[in-house]
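Visitor: Please read through the structure below; I'll follow up with questions.
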Ligand SMILES: [Zn+2]
Ligand SMILES: [Zn+2]
C-alpha cells in the first residue's frame, strides 16, 4: 500500500483510560463542532441511488480491491474510507499528557461495498455472501503485515439504529495498533480457561450445545449458528467453525463456502423473523501482533438492534436480554 499520507496529521488519536484500561479513539481530523451533536443536527440518510456515493465508485478513492476487476461489472469493491477513524503513517507517536497516555490513531480504515444499493446482505445468495468474505480475507491478509498493525477488525452495520450512516450495504475494516478492550476480554477469558482446563472454552461450549441442540439455529459440516447461553441482547447469534481454529484469515476455500452458507442463513432468519431489524455483525479473531493465540476460537457475532443501552446497561455493563436464548433459537430455527 502507498504511504502518501505520511505528512498529514493523523485523523485521530488513541487515548488510554487509566482506570478501565480501555483505549478510546478521539477523532481529531474530522472532529465535529459541539453544536452538531444536537438532535436536529444529525446527518440525513442518503436514500437515493442518484445521491449515493457508493453507487458512484468513481467519486471514491481508487479501489484497493475490486471483484470482478471491471469498473462496470464489479460485484464487490473496497476503498479507503473518506472519513477514516484511523489513517496511514510511518511513525507511531506515543506520548504522555500529564498522567495520561496518548498515541496516534495509525492504521487503515476501508469500506467493503456490494453492488446493489437496496439489497441488504440478508437477501444475498450464499455465493454472493462468499464474495464479501473473500474481500474480508484478502484485505485482512494485506493489512495484517503492515507496520504498527496489531489487530484488524471487520464489521458490518445495517440500518440507522445500528450506526450505518449510509443506506447502501457496506462493511468496514479497521486495522489498528491496539487490541480493543472487547476482544481483550474475550482473549483473556479464553486464555485463562485454557490454562485451567487445557482446552478451548469455545470448543467446550460448542460440544455441549451440539449435544443439547436447544440453542442451535443452524449447522452444516463446518459451521454452527447458535444463540449464546448468556446472550447480551435478544436474538444475539454467533457463528463458530466446528473445528478449533484461532485465525479467521487462514480460512480455506471450502470452509469459506460453508461460512457463507451459515452467515446467509443466519442473517436471513434474523431479518425475516424480526422483520428487517437494524443489526451489527463483527468477527472476533486472534490479533496479528505476532503473539501466540492458539487457545482462541474465532467467530462471528451478530447483534440485532433489539434493545438500546440505557442507564443500567451503561452504568453497570450488564445487559438485559428480553427473551430466553433457547426461545430465540427455537423461533429462528423455524424461519425458512
Ligand atoms: Zn448506493
Ligand atoms: Zn476451540
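Cβ coordinates come from backbone N, Cα and C, glycine included.
Automatic, uncurated: that is what TrEMBL annotation is.
TrEMBL feature annotations, pasted as is:
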DOMAIN    7-176  domain 'Galactose-1-phosphate uridyl transferase N-terminal'
BINDING   52, 55, 117, 168  Zn(2+) binding site
ACT_SITE  170  active site, tele-UMP-histidine intermediate
DOMAIN    193-306  domain 'Galactose-1-phosphate uridyl transferase C-terminal'
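Could you place these features in context, so I can see how deep they sit and what lies close by?
Guide: Averaged across the domain 'Galactose-1-phosphate uridyl transferase N-terminal' (7-176), the predicted model reaches a pLDDT of 86.
Annotation for residue 55 (Zn(2+) binding site): same-chain Cβ neighbours under 8 Å, separated by at least 6 residues, are 49, 117, 168.
Within 10 Å of the C-beta atom of residue 170 (active site, tele-UMP-histidine intermediate) sit 21 other C-beta atoms, taking all shown protein chains into account. Following the DSSP three-state reduction, the secondary structure of residue 170 (active site, tele-UMP-histidine intermediate) is strand.
As a summary of secondary structure, the domain 'Galactose-1-phosphate uridyl transferase C-terminal' (193-306) carries 41 helix, 25 strand, 48 coil according to DSSP.
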Visitor: Any idea which of the binding-site residues 117, 168 has the thinnest Cβ neighbourhood at 10 Å?
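Guide: Among the binding-site residues 117, 168, the lowest count of other Cβ atoms within 10 Å belongs to 117.
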Visitor: Between the Cα atoms of residue 52 (Zn(2+) binding site) and residue 170 (active site, tele-UMP-histidine intermediate), what distance do you get, rounded to the nearest Å?
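Guide: Given the Cα positions, residue 52 (Zn(2+) binding site) is 12 Å from residue 170 (active site, tele-UMP-histidine intermediate).
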Visitor: So how many other Cβ atoms are close to residue 52 (Zn(2+) binding site), meaning within 10 Å of its Cβ?
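Guide: Its Cβ shell of radius 10 Å holds 16 other Cβ atoms.
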